[in-house]
Amino acid sequence: MATADDLKFQEFDDAANLLAANPDATTISIDEPVEIPKNQHSRLQEPGREEDDELLGTDDSDKTELLAGQKKSAPFWTFEYYQTFFDVDTYQVLDRIKGSVFPVPGKNFVRLYIRSNPDLYGPFWICATLVFTIAVSGNLSNFFIHLGKPTYHYVPEFRKVSIAATTIYAYAWLVPLALWGFLMWRNSKVMNIVSYSFLEIVCVYGYSLFIYIPTAILWIIPQQVVRWVLVVFSLCLSGSVLVMTFWPAVRDDNRRVAVATVATILLLHALLAVGCLAYFFDAPELDIPAPIIPAPVIPAHNGTTVITKSH
């Protein structure tokens, strides 16, 4: 059997020998509390700052995510360069659509869904679906409103497709471009402003428009009260996504500038919804009268002409 001396830990004997040789050596006990670094101690003293970091993301966390999702750069004239903008799977797109329809209070949409892998696949197809949904629903709405009127002759208006495409795609690209430029300009003046990339802003606007697809289908119902209730409901959902995304980015700026920025974002978003409803669904349509068939002319045998009236 092993003796008691064999069961001893040799490391302690070596430590004892070292202390005997060098009494000034520093020892560390596992029972001693570990000193908290100053930067961590100061962070513990600011609980409100932790909430801001969770909402907006610190610089270290942003750099970690960007480095983790870093892709190989390719020249902009190659197919691989644009392929990276559509490198997203179905589950990610559905998750982002769900996040835009059911926004979580206090959660940043970019931080929660977009920043790890921003894409153009979802925004492009959401806008395309919305264009055809509004155009088709607008034609069906006018058809059902005038159905049964003898003086109305239905003619499909294909020009509504081009008008809807121009309006929606201009909104989904030009407004994010202007907002991105404004945030970059304010970031050069106020250091605390969080800046988003242009691709991230396009993603937010593109996914926020998804709620208008089922809304446009329900706009076929020929009831003004129902339509305006749907507009208000859709604005509350999609507008809350925009507010919760861009308000944390501008709230450290001047109060008037921050409020004016968010108010402008909501105003443009409301103008898009109200404008589509007013033009494609509530526009007065002129009744096209039925074509008049001329009365047949029957020549008489005596050289006179007899005109018969058709009833």
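Cβ atoms here come from the backbone N, Cα and C positions, even for glycine.
Computed from a predicted structure; not experimentally measured.
Among the features that TrEMBL reports, region 'Disordered' is placed at 29-61.
Annotation comment: TrEMBL describes 49-59 as compositional bias 'Acidic residues'.
Residues annotated as domain 'Yip1' in TrEMBL: 101-273.
According to TrEMBL, the transmembrane segment annotation covers 120-141 (among others). Through the fold, the transmembrane segment (120-141) approaches residues 85-86, 88, 93, 96-97, 156-157, 160-161, 164-165, 168-169, 172, 199, 202-203, 205-207, 209-210, 212-213, 216-217, 219-220, 222, 276, 280-281 of its own chain, all at least 6 residues removed from its boundaries and within a Cβ separation under 8 Å.
Under the heading transmembrane segment, TrEMBL lists 161-185 (among others).
Residues or ranges marked as transmembrane segment by TrEMBL: 197-222 (among others).
With a cut-off of 8 Å between Cβ atoms, the residues of this chain six or more beyond the transmembrane segment (228-250) that come close are 52, 55-56, 99-101, 103, 105-110, 179, 183, 186, 193-196, 204-205, 207-209, 211-212, 215, 218-219, 257-258, 261-262, 265-266, 269-270, 273-274, 277. Annotated transmembrane segment per TrEMBL: 228-250 (among others), in sequence order.
Counting only same-chain residues 6+ beyond the ends of the transmembrane segment (257-281), those with a CB under 8 A from a CB of the stretch are 134-135, 137-138, 141, 160, 163-164, 167-168, 171, 175, 179, 182, 186, 208, 212, 216, 219, 227-228, 231, 234-235, 238-239, 242-243, 246-247, 250-251. Annotated transmembrane segment per TrEMBL: 257-281 (among others), in sequence order.
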If one takes Cβ-Cβ under 8 Å and requires six or more residues beyond its ends, the residues near the transmembrane segment (197-222) are 85, 96-97, 99-101, 109-110, 114-115, 118-120, 122-124, 126-127, 129-130, 133-134, 137-138, 140-141, 144-145, 168, 171-173, 175-177, 179-180, 230-231, 233-234, 237-238, 241-242, 245, 269, 273, 276-277, 281
